[in-house]
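Right, one structure below, let's go through it.
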Ligand SMILES: NC(=O)C1=CN([C@@H]2O[C@H](COP(=O)(O)OP(=O)(O)OC[C@H]3O[C@@H](n4cnc5c(N)ncnc54)[C@H](OP(=O)(O)O)[C@@H]3O)[C@@H](O)[C@H]2O)[C@@H](O)CC1
Ligand SMILES: [K+]
């Protein structure tokens, strides 16, 4: 599990540790890890041209100490001091003693153009707002000349706690972060600025995180495993109330996902019975609507529903069964009925649907994803899975789960229907809503990568790749 903590939490952990250690220990640990990561990226250090962009805080201090280490290993290191009168003095002394040179922003263009590497020490967890001049022009020049950039702790200009970006921010090749990830390193749009993220352990003891990203072993531990005695009912039956005369395909795709999600059986109700049975004869069919459909351990409602209100209301009224609401169902669901539910409810909007539910623009959701997912969870008293390049899964409180496995190829028609069926199946198999959402998104993203393999793919192929993703995770 990768975990991310807010700035305030990091600072508290730092204070606790610092009081027990000699002065400067943490900064030296950070700088040592940073220098090693830069050396690994460079391949060979000797005679390489390294440029440091040094801001006014400890982030600049880390950068100068790392620059000193690289200089001692034979690199030609030049520090551009953005605010010379506010530079970290001890670090600057160490840097110049190690043979590093300094320059001012006005004289830096030529040095930058020739650099093999730029280390971004403008600002770290103490930053507010986007880049400021003259850093803005220098970063633009480095990006223009394709100089690889290593960001120190965070890409300068991003908001550490929220992943928001107000103004311009560095686009790093590699971010070397200290002690723990920060939410911005997991959550878009900031995450896209971070490149590869490398964590340096500096010995902090940390409380529960603000955000967390599952990895293979975490997902494997959460997946349902049938025992010798489980029959189809013990493994869970998932009900799918989806599709309409206009969108029968959504029902087929939701069932396709549900059949690969670990439930023992899939029960379908809706107008696309013929289409579903033609593709999946193993589906149990009910023509009486959700209320009288028989035993079901979780319902999925909404994919391709069009304007069919009745199934959504019926499912929401089933108070002892977990429910996943997707797509048209989100628009049709009565917010009061969702809030009053006592069994778990999982809402799975994309940014446009989330915007409609919140009464804001899609752009506002895209730029404030953490806020949007938390706000929806709190307004609806539900678990919310906000789809996107990095899907977020949140309850009103507790760590937000960030799914790292997505691929842009998943932005294809019907892909969300597969996800809703799959996730509903995991709910029926007994996973809590947050786990079902995060495991569903993880497998779905991985399946998307297998199905696409670098080329366009279809939602149906994503569903077919789910067993491969499952085996990959558990193997
Ligand atoms: N905590 C830990 O465990 C450890 C922390 N460590 C390191 O310390 C870093 C935090 O250091 P920090 O607190 O000195 O803040 P930092 O990020 O350098 O910036 C503050 C300065 O930047 C300025 N400034 C603000 N916004 C700006 C902008 N947009 N553009 C330009 N400037 C801007 C602001 O000035 P002002 O806004 O007042 O003008 C202020 O002077 C952390 O990220 C890590 O690298 C490690 O050594 C190991 C242990
Ligand atoms: K930085």
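Using the three backbone atoms N, Cα and C, a Cβ is placed for every residue, glycine included.
TrEMBL labels come from automatic prediction, so no person has curated them.
The domain 'YjeF N-terminal' annotation in TrEMBL covers 10-210.
Annotated (6S)-NADPHX binding site per TrEMBL: 58-62, 124-130, 153, 250, 304, 350, 417, in sequence order. Neighbours of residue 61 ((6S)-NADPHX binding site), defined as other CB atoms within 10 A of its CB across all chains, total 27. In the three-state DSSP classification, residue 61 ((6S)-NADPHX binding site) falls within a helix.
Taking the Cβ of residue 120 (K(+) binding site) as reference, residues of its chain lying under 8 Å away and at least six apart in sequence are, in sequence order, 53, 63, 139, 149, 150, 151, 152, 155, 156, 170, 172. TrEMBL lists 59, 120, 156 with the feature K(+) binding site.
Taken from TrEMBL, the feature domain 'YjeF C-terminal' applies to 215-473.
A simple way to gauge crowding: the CB of residue 388 (AMP binding site) has 20 other CB atoms within 10 angstroms, across all the protein chains here. Annotation source TrEMBL lists AMP binding site at 387, 388, 389, 390, 391, 416.
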Proximal residue to residue 58 ((6S)-NADPHX binding site) among binding-site residues 387, 388, 389, 390, 391 (C-alpha distance): 390
Inter-residue Cα distance where the pair is residue 153 ((6S)-NADPHX binding site) and residue 387 (AMP binding site), in Å: 27
Among 128, 350, 387 [binding-site residues], residue with fewest other Cβ within 10 Å: 128
Largest tally of Cβ atoms lying within 10 Å of a Cβ, found at which of the binding-site residues 125, 389: 125
Annotated binding-site residues 59, 120, 125, 156, 388, filtered by Cβ under 6 Å to ligand 2: 59, 120, 156
Binding-site residues whose CB lies under 6 angstroms from ligand 1, from 120, 390, 391: none
Fewest other Cβ within 10 angstroms of its own Cβ, chosen from the binding-site residues 58, 153: 58
Per DSSP, three-state class assigned to residue 416 (AMP binding site): helix
